[in-house]
Structures are given as structure tokens and as C-alpha cells.
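Copied over from Swiss-Prot:
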- 1-234: region '2-C-methyl-D-erythritol 4-phosphate cytidylyltransferase' (REGION)
- Arg19: site 'Transition state stabilizer' (SITE)
- Lys26: site 'Transition state stabilizer' (SITE)
- Arg156: site 'Positions MEP for the nucleophilic attack' (SITE)
- Lys213: site 'Positions MEP for the nucleophilic attack' (SITE)
- 235-398: region '2-C-methyl-D-erythritol 2,4-cyclodiphosphate synthase' (REGION)
- Asp241, Val242, His243, His267, Ser268, Asp289, Ile290, Gly291, Thr365, Thr366, Ser367, Glu368, Phe372, Arg375: 4-CDP-2-C-methyl-D-erythritol 2-phosphate binding site (BINDING)
- Asp241, His243, His275: divalent metal cation binding site (BINDING)
- His267: site 'Transition state stabilizer' (SITE)
- Thr366: site 'Transition state stabilizer' (SITE)
Amino acid sequence: MSNSKRTAAIIVAGGRGLRAGAGGPKQYRSLAGQPVIFRAMQPFCTHAEIFAVQPVTSPDDAEMFKLAVAGLNYQPPAPGGATRQGSVRAGLEALAADAPDIVLIHDAARPFVDAALISRAIVAAQITGAAVPTIAVTDTIKQINAQGDVVATPDRARLRIAQTPQAFRFDVILEAHRRAAREGRDDFTDDAAIAEWAGLTVATFEGDVANMKLTTPEDFVREESRLGALLGDIRTGTGYDVHAFGDGDHVWLCGLKVPHNRGFLAHSDGDVGLHALVDAILGALADGDIGSHFPPTDPQWKGAASDKFLKYAVDRVTARGGRIANLEVTMICERPKIGPLREPMRQRIAEITGLPVARIAVKATTSERLGFTGREEGIAATASATLRLPWGTNGLAD
């Protein structure tokens, strides 16, 4: 079912996560090298059917949040409330000025959500208006009294474990939250419960066993171990590119259009920084080089923007179930000066690759006036990429 309706997502990240132990709010803790909240937000930020991602955070965490999700595109964070329910309402109100048709509400403490689950949520909301992802209960459940004695054994065939993202028509869930606030009801533990209370029929759709919520220190230990074991094949690749100057008034460097008194002589846009990164990633995959995937003899790549090449290389990693641990590029030139451009370059590479800025390094050097770069005849770049792949992969995308 195609999505002709506008869909937004709310990421609830205002909690303190005290049960997860020391180390700050759990959504900002690192999990196998990436912040939990980055993992939770990225699938929504990159999903083709979602036009806006609205985080809800504690104002006290502003700097932590900014660093943790650098490179992702999202709405300005809404300040969280005293409860999860209050935080969700704040996110809904923040979206109301440009109201979507459908809204997905997801907990930042669930970092294993994927695009398939998000797509199922969107379709479920389109069909039913209110839906929650669930998984089957596999353990026997006991109901107890205040003394801890068993008083009942519910039929587990009729029980389900609820997850997020929960999906709703925006207008109905906003009104349900507003009504709950007016009536002083602040005791709901999820948004489906508010919808039920408001008289809505809440449907279920297929959740994902992997989409677990991180709650305790043991959860972090277990998932660190699992992710480390899954991605234990560590690869490193290097790349190099050079382009001569020609006529022009700008050059493309690391995804930025940089004013200059010369241009590049190149088949594509000549971005030596991104080209070197592409070669480094492909080299780590043992998957050829940029010229084998984008031949300079092919007219379709004439003047092409090099961010397409880098996105392609990143997709090759993803296709093997891997991820990029670190990218580094060194620009070698006399001019333009790279220092003032370093942080914008890191940000742009983060936007293209979906990596946290903390995993991207941009460096610069000169050749001390020696050679073609010293004579300002062109610019060179070297790069390295460190990848983590599942054991048993051959490094080649299918």
C-alpha cells in the first residue's frame, strides 16, 4: 500500500533511564560504538515515507543530544514533560502547526527498530487509524496478589507484548492526549492505552523480537556482546584521489561547494575528498574501486555529484549487514585553506553517510610547496575507512 498521506515520527527521549545504571541517561549511552538515540532515530530520519522526525528531549540534555545525533535531519527538539505521557503530548503539539496525517511514536530506548517495522506501522495506521506492534508471549504469565501469591494464570495465547513505534491518525491521538490532560489523567504507560481510554479501537500488527527496549545494565551488557560478536570481522581500506585545476570559480571538497579562483578538470564534480572515501570503503570491502563502479567513460556520470558515489559505497556496506566504524580523509593542498571548512566538511560527510560526526575525521596538510600540489596545479586527498562486517561475508554486495 503506497503512502499518499504525510507521516511524521516522534522520538520520546526525555526520560532519565535510572534503571540502566550509571553513565547518564540511557538514550545517550554508547552501544557498540553508536549512541542509543542515534540508532533509534536514524531509521526514521532515512525512511522515504517520513517527512519529519520530532524529538522530545530534556532541556538539560541539549548538548548531549546535539552531539549524539549529529548528521541526522530532524525538527528542533520539543522540551519533554514530567512524564512520558507529557513528553509525547509536547511532541504532538510541536507537530500540530504543520500537522501530518499519520504519526508514529517511538521510544528512544528501542535502538533496534528497522525500516520494515516502520513501513508496517505506517500501513497499519493508514488502514486502522490506531495500531500497535506486538510480539507473542512465550513464557507462562502469573498474576499475583499483594503478598506475592499466584492468583491466576492468564491464557498466553491471548496476550501480546506491546512495542513501539505505535501508529495513529494524528488528529485522533492528539485529541486523546489533550482530553487526558484536561481530565487530569497522567497514568498511562503507552499511547495505545490512551487511545483505548478515549474509545478508539486499537489494532495490532507484527512487531519484531529484535526491537527490544534497553532498561537495565544487563540489557546493555548483553547487547554489546551480541553486536560485537555479530560484527567481528574488522576491515580497513585506504583511498587516494587527485584532480588538476582548470577554469572555474569553485571546487567541490568533501561535499561542499568551495569558492576558488580555479575549478577542477574532472568527469564528475571532481570532489577528491569524497572520491578518496569511496575508494577506501570499497577497498575495505574488496569490492573494486570508484572507477570500476562509475567508469569515467560512462556519460551518465558526467558532472555527477559525488555524494551519490559515497551513498552508493555506504549502501554496499549495509547490503552485507555491516557498518562503518570510522572515516578519515586528509586533504593535501596549498589553497583553499581547509581549516575553516573542517567542521562543515565533517557535518556534510555525516549527512551523506548517516554516521555520527564523532566517527568522521577531516585533516589537512600541504606538501611544503613541493610537487604539483605545492605548485597549486591541483588537489590530492587520502582516506581510510574502518568497517565492521559479520563473520563469513566475502566483502562483496550481492
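The backbone N, Cα and C atoms fix where each Cβ goes, and this holds for glycine too.
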*Within 10 angstroms of the C-beta of His267 (site 'Transition state stabilizer'), what count of other C-beta atoms is obtained when all protein chains are considered?*
18
*Local backbone state of Lys26 (site 'Transition state stabilizer'), from DSSP in three classes*: helix
*From the Cα of Lys26 (site 'Transition state stabilizer') across to the Cα of Phe372 (4-CDP-2-C-methyl-D-erythritol 2-phosphate binding site), what is the distance in angstrom?*
51
*Using Cβ-Cβ distances, find the residues under 8 Å from Ile290 (4-CDP-2-C-methyl-D-erythritol 2-phosphate binding site) that belong to the same chain and are at least 6 apart in sequence, listing them in sequence order.*
Gly239, Asp241, His275, Val278, Asp279, Leu282, Phe309
*Quick one: give me the count of other CB atoms within 10 A of the CB of Thr366 (site 'Transition state stabilizer').*
15
*Return the member of Arg156, Lys213, Ser268, Thr366, Ser367 nearest to Lys26 (site 'Transition state stabilizer') in space, with distance defined Cα to Cα and candidates limited to these recorded positions.*
Lys213
_Across the region '2-C-methyl-D-erythritol 4-phosphate cytidylyltransferase' (1-234), what does the mean pLDDT come to, as a whole number?_
92
*Counting Cβ atoms within 10 Å across all protein chains shown, which of the recorded positions Lys26, Arg156, His243 comes out on top?*
Lys26
*If one measures from the C-alpha of Lys213 (site 'Positions MEP for the nucleophilic attack') to the C-alpha of Arg156 (site 'Positions MEP for the nucleophilic attack'), what distance in angstrom results, rounded to a whole number?*
21
*Sparsest-packed among the recorded positions, when each Cβ's other Cβ atoms within 10 Å are tallied, from Lys213, His275*: Lys213
_Spatial neighbours, same chain, of Ser268 (4-CDP-2-C-methyl-D-erythritol 2-phosphate binding site) - Cβ under 8 Å, 6+ residues apart_ = Phe294, Trp301, Lys302, Gly303, Ala304, Ala305, Ser306, Phe309
*What is the Cβ neighbour count of Phe372 (4-CDP-2-C-methyl-D-erythritol 2-phosphate binding site) at a 10 Å cut-off, with all protein chains included?*
15
*May I ask for the distance between Ser367 (4-CDP-2-C-methyl-D-erythritol 2-phosphate binding site) and Arg156 (site 'Positions MEP for the nucleophilic attack'), taken between their Cα atoms and rounded to an integer number of Å?*
70
*How many Å separate the Cα atoms of His267 (site 'Transition state stabilizer') and His243 (4-CDP-2-C-methyl-D-erythritol 2-phosphate binding site)?*
10
